[in-house]
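Trainee: Sharing a structure with you now.
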Amino acid sequence: MTRKIDIFDTTLRDGEQSPGASMNTEEKLIVAQQLLRMHVDVIEAGFPISSPGDFRSVQEIGRLAGDDAVVVGLTRAVDKDIDRAAEALSCAKRPRIHTGLGVSPQHLADKLRISEDECVERAIRCVRYAKRYVEDVQFYAEDAGRADQGFLERVIQAVIEAGATVVNIPDTTGYQMPAAFGARIKGLCDNVRGIENVTIAVHTHNDLGMATALALAGVENGATQIECTINGLGERAGNTALEEVVMALRMHGDELDGHTDVVTQELTRASRLVSRITGMQVQANKAIVGANAFAHSSGIHQDGVLKSRGTYEIIDPADVGAAGSEIILSARSGHAALRHRLSELGYSFPESEFDDVYQRFLEIADQKKEVFDEDLESMVQERQRDVTAIYALESVQVVCGDAAIPTATVHITDEVGGEHVVACTGTGPVDAAYKAIDKVVSVHGDLQEFAVKAITRGIDAIGEVTVRIVAGDGRLYTGRGSDTDIVVSSAKAYVNAINRMIQTTRSKQGK
């Protein structure tokens, strides 16, 4: 069994420090509910002394979490900060005070203006002071990534002896290389007495784009808590992305000797929730949760994925709550991808015709970055409009109005010359016409989409109706019809879709 790696989420504290990403208490509670749904181990709910809003957030999230997660309030190594955090956490069942100070030469000389000895004294004092309120005290050695290793070990030794239960080793500026950061954690494990009895946490930033690699290097060398945020939100270039470390541990748990209890199927939902609340858009190519994370546009890749998802996807989209793989059609797409998408839209062509269809597709793709469904439908419209009519709509007559029950009478001929005249009522003239058509045809499709657009100008414009129906096997079939009368257009489109459905069924049966 691999080690349990605790996920410490700081979206509501460090993540909120992203410019423009601030959240009010109600929004923080919504995010906290999602974190609890994901089974995150620790939630850093805020910095209580910084504002009344942060104080209330820590208080409310402490109540909300119950026994399901540790709730953390951040402080400086200052008594009044710790007092305020303890007050905010008084309702939490599993409270933790997170206190500390800088330990790098830059922080000691330029920010704190204290000596190493004074730093050690403050570290001991803040831990002891926090222990008066709670048993669970986490100490952060800010900017540990640039600290002298010997001095860092001295500080960590001192706070463990003072009663710290968690020691947080941040690379606050994202400065370190992964191997060097891992060696730093290993040095602590080798040289600090009693460190095996506390939790070693890593808090890494993304200034050089290596936050996830740094965090995993820490885990490889003894850390058992990762501090991270949804979507990698945070100061400057952000923090370690929760979704990235969780999935890395899922994929490489044996190598890293670690696993998490996070419900990975909630990752995409969490990403979208935080993006919506903060207004911080997720880049399309963001690992795990980006819009393009499971999108394929290269023809070679598309062909491979269509044959077997595992050829180019190491993660099943369902495992992170994503809708599924997506084939992006462009000039780089091949025959397989085009045929697959056309099939999904309800279009099929024999081999003898498909090369012509593909060449027309390339002409369109050369003019556009991405070819959408509407482009494909327009592309095949001329060919498919002339589809052999199994049923032909001869006429439609409707009666409707404020005082009338909508009624449609359709006249349809079939492929063997039979004539059918049927009348039906409905909730409107189009519904009545569709019910009448259903009584005539031999198959039935459920209407999924109905769209109308004018394809010419003026009050006598021709209206084009596009419908999509779903057959019993789940396949989509598209139909189009145009006329100056929108009810006639609608009926034509429906019959067109029905004809396509029947043709495809017959083709499968070899008829």
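Quick reminder: no glycine exception, Cβ is built from N, Cα and C everywhere.
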Trainee: Which one, Asn231, Asn239, Asn285, is listed by Swiss-Prot in the same Mn(2+) site as Asp14, His203, His205?
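Mentor: Swiss-Prot lists Asp14, His203, His205 binding Mn(2+), and from Asn231, Asn239, Asn285 it also lists Asn239.
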Trainee: Ranges 1-23, 47-69, 346-368: which does Swiss-Prot label region 'Disordered'?
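Mentor: The listed stretch tagged region 'Disordered' in Swiss-Prot is 1-23.
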Trainee: If you skip the near sequence neighbours and keep only those at least six away, which residues in the chain come within under 8 angstroms of Asp14 (Mn(2+) binding site), Cβ to Cβ?
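Mentor: The answer is Glu44, Glu227, Thr229, Leu233, Gly234, Glu235, Asn239.
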Trainee: Tell me, how many other CB atoms lie within 10 A of the CB of Asn239 (Mn(2+) binding site), whichever protein chain they belong to?
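Mentor: Excluding its own Cβ, Asn239 (Mn(2+) binding site) sees 31 Cβ atoms within 10 Å.
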Trainee: Let me check the 10 A CB neighbour count of His205 (Mn(2+) binding site). How many other CB atoms are there?
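Mentor: If we count other Cβ atoms within 10 Å of His205 (Mn(2+) binding site), we arrive at 25.
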Trainee: Validating a neighbour-count step here. Other CB atoms within 10 A of the CB of His203 (Mn(2+) binding site): how many?
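Mentor: Its Cβ has 30 other Cβ atoms within 10 Å.
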Trainee: Apart from Asp14, His203, His205, Asn239, which residues in this chain have a Cβ no more than 8 Å from the mean position of the Cβ atoms of those residues at the Mn(2+) site?
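Mentor: Everything else in range on the chain: Thr10, Pro170, Thr172, Thr204, Ala211, Glu227, Cys228, Thr229, Gly234, Glu235, Gly238, Thr240.
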